[in-house]
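Data block below; observations after.
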Amino acid sequence: MQKLEKTPLIVDFVGGAVGHRFRAGEGRRQDLPKAAGFASGVTPQIVDATAGLGRDAFFLASLGARVTLVERSEVMHDLLAEGLERARAEGGRYAETVARMTLIHGESRILLPQLNPQVVLIDPMHPPRDKTALVKKEMRLIREIVGTDADSVELMEVALEAAQNRVVLKWPLRGEPMPGVRKPSYQILGKSTRYDVFVKAKIPETAA
Ligand SMILES: C[S@@+](CC[C@H](N)C(=O)[O-])C[C@H]1O[C@@H](n2cnc3c(N)ncnc32)[C@H](O)[C@@H]1O
């Protein structure tokens, strides 16, 4: 396995695009929070079953959600833990956001049933669409560490069973539906990404 000190990848919630998005206060009307079930009076509890660089989880936690992040790659998990620690040390709203996040090193297919989540978010690595396509450098570095998530159909099946309220699959806009997985209740289409939303039950209103 690749050693942590050999990858130039860094998880940075304070500088760069994530920090900018955070300071700009982008809100609940974005595609991801809408897909995750944020609504007036409703702030879902979320398990991000494919934590990766933690960007989606950090965004959702910045909007008030409690987010449990599960990451199975030790290298990615350790990078993420360091990024969270730096954001915590920044204090203020960064620290408040991190306080709503719980990071677990483990396999979501095993952990999801015991986490009893309201909402599960799944954003697997997918195979490159075209070998000659220019893949973003960051994506290439992550792929060097974690490969492609060939077991994501199985993860979806476990998530659909374990989630109380809904499962959200983040997938390329024109990606094929996952074989054998039931049709989503609805889709939210973005520029290059789509969210397939599988509704099981209404998310209860959040106690004030
Ligand atoms: C595309 S990245 C997720 C990016 C993330 N949404 C973000 O905002 O940074 C996918 C990550 O999920 C992890 N992963 C995939 N399947 C998993 C599983 N069954 N359990 C735990 N982690 C998993 C991979 O190791 C990889 O780090």
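Cβ coordinates are placed from backbone N, Cα and C, and glycine is handled just like the others.
All annotation found in TrEMBL is predicted automatically rather than curated by experts.
What TrEMBL records for this protein:
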BINDING   R55, D56, E71, R72, D123  S-adenosyl-L-methionine binding site
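Shown on the structure are the features that TrEMBL records.
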{"residue": "R55", "record": "S-adenosyl-L-methionine binding site", "CB count, 10 Å": "20"}
{"residue": "D56", "record": "S-adenosyl-L-methionine binding site", "CB count, 10 Å": "22"}
{"residue": "E71", "record": "S-adenosyl-L-methionine binding site", "CB count, 10 Å": "27"}
{"residue": "R72", "record": "S-adenosyl-L-methionine binding site", "CB count, 10 Å": "19"}
{"residue": "D123", "record": "S-adenosyl-L-methionine binding site", "CB count, 10 Å": "22"}
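R55 (S-adenosyl-L-methionine binding site) carries a helical DSSP state (H, G or I).
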